[in-house]
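Here TrEMBL flags 436-585 as domain 'Katanin p80 subunit C-terminal'. What TrEMBL records for 365-395 is region 'Disordered'. The annotation repeat 'WD' is assigned in TrEMBL to 12-54, 55-96, 97-138, 139-180, 181-222.
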Amino acid sequence: MDTKRAYKLQEFVAHASDVNCVKVGKRTSRILITGGEDKKVNVWAIGKPSAVLSLSGLTSPVDSVSFDSSEVMIGAGASSGTIKIWDVEEAKVIRTFTGHRSSCASLDFHPFGEFFASGSSDTNMKIWDMRKKGCIHTYKGHTRRIDVLRFTPDGRWIVSGGSDNSVKIWDLTAGKLLHDFKMHEGPINCLDFHPHEFLLATGSADKTVKFWDLETFELIGSSGPENSREYFEPASVVRSMTFNKDGKSLFCGLHESLKVLSWEPIICHDMVDIGWSTLGDLIVHEGKLVGCSYNQSCVGVWIVDLMKIEPYAVSNAEEYLNGSVKRSIQADNSISSVLGRLNPKFFDDQKRQIDYVVPVTAPRAHSKVDPRRSSLPSVAPTNRPRSKTSAFSSEGSSFIPVAATRHSPKRLRSSVAGEQRASAGDEDNIADLMENHQEFIHAVKSRLTKLEVIKSMAIYRICYFEMHRVTVSADIINVLMENTNSITLDICTSVLRLASSVLESSYDSHLKVALEMIIKLVKSFGAIISSTLSFTPVGVDIEAEQRFQRCNLCFQELVKVHSVLFTLTRRQGEVGRSAQELSLFLQDIFQQSSR
């Protein structure tokens with residue numbers, strides 16, 4: 001192991017028997033969870049030798065574990081297919097889900113909804129709703145175990161990778177398969193999303209890392225295999241990966257080494273020998289790469305100093321991290337002049353052709369083009385340049401095609417009479433204009449993509465709220481129940497309308513809180529409503545008229561409530577008793593109001 005650049009922070013016995021899985025909390029990067037053959041889920045603080053928590057409840061070995069995004073819940077999947085969710089603060093099971101027919105091999109929580117996904121050896125992926133306590137959708141399509149799955153950062157899609165060598169993208173809104181990547185030749189072990197681009201990286205037992213464009217669903221490129229040894233040689237399998245937060249590189253954990261890749265063009269910047277064996281998870285935290293591995297009953301925590309590996313080495317760190325890496329070709333060396341030094345014949349051919357093919361019209365001193373706008377603005381690229389496999393290039397060129405303006409020799413000579421052939425300086429200007437034009441196009445495309453993501457997130461959240469409108473209303477009523485003294489006659493109408501909508505729910509917990517709130521409101525304002533409606537004001541009394549309008553609105557809401565009470569009074573338990581009590585109160589109000 002390269003001890004100058006990487007070292008083992010700690011190693012500890014994590015379980016009474018073999019460890020099967022390990023995950024690091026991405027929010028704090030300070031805690032990790034492990035699952036073992038001993039049917040336990042243990043929580044550890046990185047750097048501490050003893051477990052913070054030991055969670056039990058599963059009756060078979062633990063095959064997968066995951067934190068939710070806020071690290072307040074832990075999910076674990078067992079070899080029996082059972083899934084349990086624990087509340088970390090209370091250290092108790094809050095949900096148990098069954099439905100998979102065999103081992104639950106992978107778990108991931110939705111980034112902002114109360115959902116999670118599970119992948120199983122039964123080849124199915126399921127989406128679970130923790131509020132409804134059940135499966136809301138099952139996705140079928142894999143033919144072998146689903147080893148890894150991840151929600152996209154916007155929560156709109158989920159990506160799954162399986163032992164069937166395929167990577168599938170599922171649209172959660174439409175509830176269907178969106179795309180299927182089948183270019184890997186081994187099981188999919190890991191995947192990650194680029195922090196700024198529509199880009200997916202996947203790592204496989206086939207020794208390769210592949211990069212996919214999520215706009216066009218095309219393969220951008222592939223790295224590896226690492227060597228030509230035995231096909232499934234453990235030393236060459238890609239086990240875990242994570243993009244750096246700047247998006248400029250991907251850290252890939254192999255069996256006993258770390259590889260640092262840039263994603264386009266695909267370049268391996270550095271490799272570090274590390275003896276971490278079975279790597280379970282990788283994260284980046286404060287300039288360090290943290291890796292967690294497991295072997296038999298032990299777990300190891302490894303640290304890699306990013307300032308000591310390329311391209312983040314200290315000598316290059318300031319320039320690279322600030323996005324100002326020195327160009328290897330100086331300003332006075334245009335693309336054409338560099339090609340000319342490498343191949344003089346190519347340069348001569350290009351100069352001979354310049355009279356006939358003009359890729360970009362360069363502004364001239366006598367041109368009608370405004371000289372103040374003679375060059376395109378320099379726009380820093382915010383999108384990736386496309387490789388030969390990019391969907392944005394039909395011929396395999398890394399440049400955006402530009403329509404060339406063609407002229408006959410006679411017409412060309414007449415249009416540029418009195419001018420000399422373009423100098424080397426003009427060639428440089430043309431090359432710069434071409435580069436700036438390409439960067440500008442990439443910038444606009446990237447901004448359009450981000451706007452589409454924002455739009456889709458807004459639509460998703462609106463749909464999510466509509467789907468859970470009753471649940472949200474019940475939560476609001478629960479909050480109001482804590483301080484009903486603050487509810488006035490003005491507010492009463494709105495609260496009654498809200499509670500009335502919750503009576504549509506099929507859940508007893510929602511019905512109980514809605515009925516309890518309505519009963520309290522009737523006890524507080526029932527007498528005022530009935531007496532106001534039964535009294536006819538004499539003369540002009542603005543306050544009395546306003547009170548009458550408010551009471552009338554409340555009365556209309558109570559009529560709506562009464563129309564659904566008959567069904568509720570026939571139910572057993574607390575819901576039925578509350579509905580009967582409320583029905584008696586409403587009958588008194590209706591009788592007094594009709595007098």
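Cβ atoms here come from the backbone N, Cα and C positions, even for glycine.
According to DSSP, the secondary structure content of the repeat 'WD' (55-96) in residues is 0 helix, 23 strand, 19 coil. Taking DSSP states H, G and I as helix and E and B as strand, the repeat 'WD' (12-54) has 0 helix, 23 strand, 20 coil.
Here the repeat 'WD' (97-138) has Cβ contacts under 8 Å with residues 63-69, 73, 75-85, 144-151, 153-155, 158, 160, 162, 170, 172, 175, 464, 468, 471 of the same chain, all six or more residues outside its ends. When DSSP labels each residue, the repeat 'WD' (181-222) comes out as 0 helix, 23 strand, 19 coil, counted as helix, strand and coil in that order. Broken down by DSSP into helix, strand and coil, the domain 'Katanin p80 subunit C-terminal' (436-585) contains 130 helix, 0 strand, 20 coil. Here the repeat 'WD' (55-96) has a mean pLDDT of 94 out of 100. Sorting the repeat 'WD' (139-180) by DSSP state (H, G, I as helix; E, B as strand; all else coil) yields 0 helix, 24 strand, 18 coil. Helix, strand and coil content of the repeat 'WD' (97-138), in residues and according to DSSP, is 0 helix, 24 strand, 18 coil.
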